[in-house]
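So TrEMBL has the following annotated:
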DOMAIN    11-255  domain 'Nodulin-like'
TRANSMEM  12-31  transmembrane segment
TRANSMEM  73-94  transmembrane segment
TRANSMEM  106-132  transmembrane segment
TRANSMEM  144-166  transmembrane segment
TRANSMEM  172-194  transmembrane segment
TRANSMEM  206-228  transmembrane segment
TRANSMEM  234-253  transmembrane segment
DOMAIN    310-522  domain 'NFD4 C-terminal'
TRANSMEM  323-341  transmembrane segment
TRANSMEM  347-369  transmembrane segment
TRANSMEM  415-436  transmembrane segment
TRANSMEM  448-473  transmembrane segment
TRANSMEM  493-514  transmembrane segment
Amino acid sequence: MGGDWSWSRRKWIGLVAAVWIQAISGNNYTFSNYSDALKSLMHLTQVQLNNLSVAKDVGKAFGLLAGLASDKFPTWIILLIGSVEGLVGYGVQWLVVSQRIQPLPYYQMCIFLCLGGNSTTWMNTAVLVTCIRNFRRNRGPVSGILKGYVGLSTAIFTDLCSALFANDPASFLIMLALIPFVVCLSGIFFLREIPPAAVQDDEESTYFGVFNAVAVAVAVYLLAFDFVPNPSAFASRAFSVGLLVLLAAPLGIPVHSYMKARGLDLEGRVEEPLLRGNGNGNECEVQRGNVLAEDAEAVAVGKSRPAVGEEHTVWEVLRTVDFWILFVSFLCGVGTGLAVMNNMGQIGLALGYSDVSLFVSLTSIWGFFGRIVSGSVSEHFIKRGGTPRPLWNAGSQILMSVGYILLAMAMPGSLYIGSIVVGICYGVRLAITVPTASELFGLRYYGLIYNILILNLPLGSFLFSGLLAGILYDMEATTTTGGGNTCIGPHCYRLVFIVMSAACLIGFFLDLLLSIRTKMLYKRIYFTKNSNKNPLTSTRQ
């Protein structure tokens with residue numbers, strides 16, 4: 001019993017630490033906040049600037065190393081590597097932007113941006129792999145919460161820099177270097193993987209609801225500050241203190257769990273695999289679980305490869321059609337979304353906005369809502385009727401396509417609406433794909449599978465930002481003194497948005513196809529979740 005208290009407490013303290021780490025690990029999405037400073041100091045063209053952004057995203061390609069390491073080394077080592085990489089990568093960028101050193105050669109800047117980009121893959125891998133394994137029965141909600149805080153991290157950094165340092169790019173970069181380093185070093189002591197059979201908390205859904213409520217409060221708080229015109233120094237400091245209090249609020253959950261556990265006689269329950277029926281309870285539920293298990297075994301016997309929903313090796317994953325459908329549809333969503341985020345500074349200038357920090361923050365905050373809502377809602381509909389999770393990705397692709405058309409039209413206020421739509425859909429895409437991959441291919445090699453999917457970030461950044469947006473922008477731009485270039489007007493990015501809208505339509509049809517192909521898997525998950533739940537409810541009546 002005392003052991004159960006300990007495991008439950010560690011699990012929830014670990015999730016709080018994971019939330020804090022995710023709240024500072026979205027620094028890859030903040031490039032627009034200091035890209036103009038780099039462009040002017042280094043006298044870059046838009047293609048050269050976009051390729052710096054691509055170098056940052058190429059760092060995610062080396063996330064494969066983090067995926068491999070996650071199966072070999074404890075969580076604390078993964079976090080330590082990520083924190084040191086971020087300190088070096090963003091620290092050198094700070095030295096350049098603050099003009100403490102002369103601008104480095106272009107290729108060296110690419111290396112340090114790559115280091116900064118790679119640092120987040122170690123943080124995200126440590127957090128996601130550990131928490132998905134600790135909360136196997138609620139993968140959607142935990143993914144939504146963690147990815148939601150990643151989305152908020154851009155707004156957290158942007159608003160803190162605005163409140164304390166008046167949006168100074170050098171101050172922004174020193175925050176990106178130091179804050180993640182300190183938070184990850186603290187998280188090393190609390191984030192641990194819990195054995196599957198150690199504890200099963202009946203109040204997980206309630207606690208996740210509290211996490212969601214606190215996260216929404218943080219998002220609304222950040223959004224409200226964005227619309228405060230010219231806040232005073234006192235108001236800015238008060239905002240910063242209030243933000244820290246809200247970020248600390250989730251600590252109440254492990255405290256409540258511990259206090260409640262001290263007064264209860266907890267019984268250990270063995271954690272069951274996702275697609276296996278409960279071994280006790282209502283007889284008809286047991287029979288249904290047996291039918292599902294026999295069906296799965298029959299499929300496995302008839303094939304040399306594991307069926308969808310079973311544990312896959314990485315090589316077996318790469319040989320499945322379902323993986324490549326998921327991979328390409330993911331590319332269409334996150335690749336185009338990254339292009340907008342990386343080019344937000346130039347998009348805003350082209351449409352007549354000198355300060356784009358509001359749009360960066362809007363994309364981040366609404367991306368949070370997309371992540372946190374889609375994780376919980378998709379889980380609810382799986383439990384209610386076995387709705388395939390990829391169907392939510394399909395819906396987000398259609399909405400994203402419409403958002404790009406609005407941006408291409410460049411009507412008054414379209415950048416506000418486009419920023420919100422792109423943020424929401426990008427968030428949905430990330431939060432849905434994380435648990436989908438674990439449900440289709442298992443948890444045994446999940447760290448590596450996740451990082452293979454994340455290859456879409458550098459690939460999408462290269463295709464849609466480095467090539468598409470960079471080349472088409474330079475075709476429309478005029479040369480400035482010093483060797484750079486600039487473009488003003490809605491024509492600068494119109495063709496870029498039209499092409500990206502078409503890419504999202506392709507992603508929509510791929511997600512729809514994956515939903516059809518995985519329909520039976522999610523029906524089995526639905527039956528399993530309900531067969532595990534009904535015996536408990538019947539015994540209480």
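Each Cβ is built from the backbone N, Cα and C atoms, and glycine gets one as well.
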Would the transmembrane segment (73-94) and the transmembrane segment (172-194) count as touching if the test is at least 3 Cβ pairs under 8 Å, pairs 6 or more apart?
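Contact between the transmembrane segment (172-194) and the transmembrane segment (73-94): present, because at least 3 Cβ pairs are under 8 Å.
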The transmembrane segment (415-436): which same-chain residues, six or more beyond its ends, come within Cβ distance under 8 Å?
128, 132, 139-140, 143-144, 147-148, 150-151, 326, 330, 333-334, 337, 340-341, 344, 347-348, 351, 353, 359, 362-372, 374-375, 378-379, 389-390, 392-393, 395-397, 399-400, 402-404, 406-407, 450, 453
Pairs 6 or more apart in sequence, C-beta under 8 angstroms, 3 or more of them: is that satisfied by the transmembrane segment (448-473) and the transmembrane segment (347-369)?
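By the criterion, they do not touch.
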Taking only the residues in the domain 'NFD4 C-terminal' (310-522), give me the average pLDDT of this model.
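Mean model confidence (pLDDT) across the domain 'NFD4 C-terminal' (310-522) is 88.
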Going along the chain, which residues at least six beyond the ends of the transmembrane segment (347-369) come within the CB cut-off of under 8 Å?
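Same-chain contacts beyond the ends: 26, 29-30, 32-33, 148-149, 151-155, 158-159, 162, 167, 215-216, 219, 222-223, 226, 340-341, 407, 410, 415-416, 419-424, 426-427, 486-490, 492-493.
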